[in-house]
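**Student:** Handing you a structure now.
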Amino acid sequence: MLAGKAAAAPALPPVRALGHVPVRTLNGWTLPHKLKDGVKEFHLVAEEVDHEFAPGSRAKCWGYNGSTPGPTIEAVEGDRVRIYVTNRLPEATTVHWHGLILPSGMDGVGGVSQPHIGPGETFVYEFTLRQHGTHMYHPHADEMVQVASGMMGLFIIHPKDGEAVAIDRDYAFLLHNWALHPGTYRPDPSVMTEFDLWTFNSKVFPAIDSLVARTGERVRIRVGNLSMWNHPIHLHGVEYEVTGSDGGRWPRAQWRREVTEIVGVGQARDIEFTAVPGDWALHCHMSHHTMNAMGHGIPNTVGVDQTGVADAFRQHVPGYMAMGKNGMSEHQTHVDMGHMPGPENTLAMMTGKGPHGNIEMGGMFTLVKVRDDLAPGDYRDPGWYRNPPGTMARRVSRDPDFGKPVRRRQV
Ligand SMILES: [Cu+2]
């Protein structure tokens, strides 16, 4: 195993020269810019996008420059930026630069700080970046519809003096929820609590990229939340430090050790850790947020013998299957076997295959994959981790009466 930072450092000269590593947007991309008379020029296009949440689920969403979330804007504290915004939507929009310190007239609140950007129009924003940190952009016009349809992006500003503690891999994603009702193709913006899809950068597991690192590297994960729920983001395998937010990278004395950090609506949080080898789950800890579409308000079938009921149902609904007596995990098995096609354009509630069986997850779940032998800067998925001999949980008996465990007498 490598001994931390010293071993990983030699491979990073090009990015070290910039004072920061470029941010890596999960399943996303960074918007290119042109330098014009010392000003960084960007061009956002608000438009409808044909989006895939995971193979088997597509929707007409709204986003920027062909994607939801829109491309990440990345710059350095002190930069002057000029951002053109062209509106190709059927209704007016604006862009609010969430958390940025700027002149009031650049704040992007439709009707307050500026007139709306009408369909077909282009507006220009221009300001100097006076801070660093993990920031976001989103419309401040018909927000309920436009944000629910996927309009959001990351705005990452690196500190001008470089990082006090160097980062080797810098990942970022936005949390969101979608009411894409089974069998439909456009998110329903009127829904407030009962969502069908929970996403990292508008993707659900298993379509979310893995976060890859080499053993000993310093990894930062930036998480922003423009959804309708708070999300406790949990990482296995390490105690990470919460080191920053939309308020920039915090002074070291403010860093906190956690294993779960709630990222509230409208907030951003940065977590950092030194990578240790293995495949480590990174997920929201609201257990319904690691599922895909499911029925809400259905009767609880756990513990219910449905044998006779299923026969009766089958007379009216050919192919009806009773499920859930022993829990929900059989759901994935039946879907995988093709017994349950489900509504069109609708993902199974739980999915994903690992080296040891079904993962039974969906939604806000992915893996941090850390390997000793990765080349620095190599972001390719390395496949599944092989546990060293003697370091994996194993079966010792198939007898429920095995051993003499202490159990409470039930009265
Ligand atoms: Cu959540």
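Glycine is treated like the rest: Cβ placed from N, Cα and C.
Bear in mind that the values here come from a model prediction, so they are computed numbers and not experimental data.
Sharing the feature lines straight out of TrEMBL:
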- 50-161: domain 'Plastocyanin-like' (DOMAIN)
- 189-296: domain 'Plastocyanin-like' (DOMAIN)
- 381-411: region 'Disordered' (REGION)
**Student:** For the domain 'Plastocyanin-like' (50-161), how many residues does DSSP put in helix, in strand and in coil?
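**Tutor:** Computed counts for the domain 'Plastocyanin-like' (50-161) are 9 helix, 53 strand, 50 coil.
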**Student:** Within the same chain, where does the region 'Disordered' (381-411) have neighbours whose Cβ lies under 8 angstroms from its own Cβ atoms, ignoring anything closer than 6 residues to its ends? I mean 6 or more beyond.
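**Tutor:** Distant contacts of the region 'Disordered' (381-411): 209-210, 212, 277-279, 354-355, 369, 371, 374.
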**Student:** Could you please provide the mean pLDDT value for the domain 'Plastocyanin-like' (189-296)?
**Tutor:** 94
**Student:** Mind checking how the region 'Disordered' (381-411) divides into helix, strand and coil residues in DSSP?
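**Tutor:** Secondary-structure composition of the region 'Disordered' (381-411): 0 helix, 0 strand, 31 coil.
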**Student:** Write out how many residues of the domain 'Plastocyanin-like' (189-296) are helix, how many strand and how many coil, based on DSSP.
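**Tutor:** Going by DSSP assignments, the domain 'Plastocyanin-like' (189-296) contains 7 helix, 51 strand, 50 coil.
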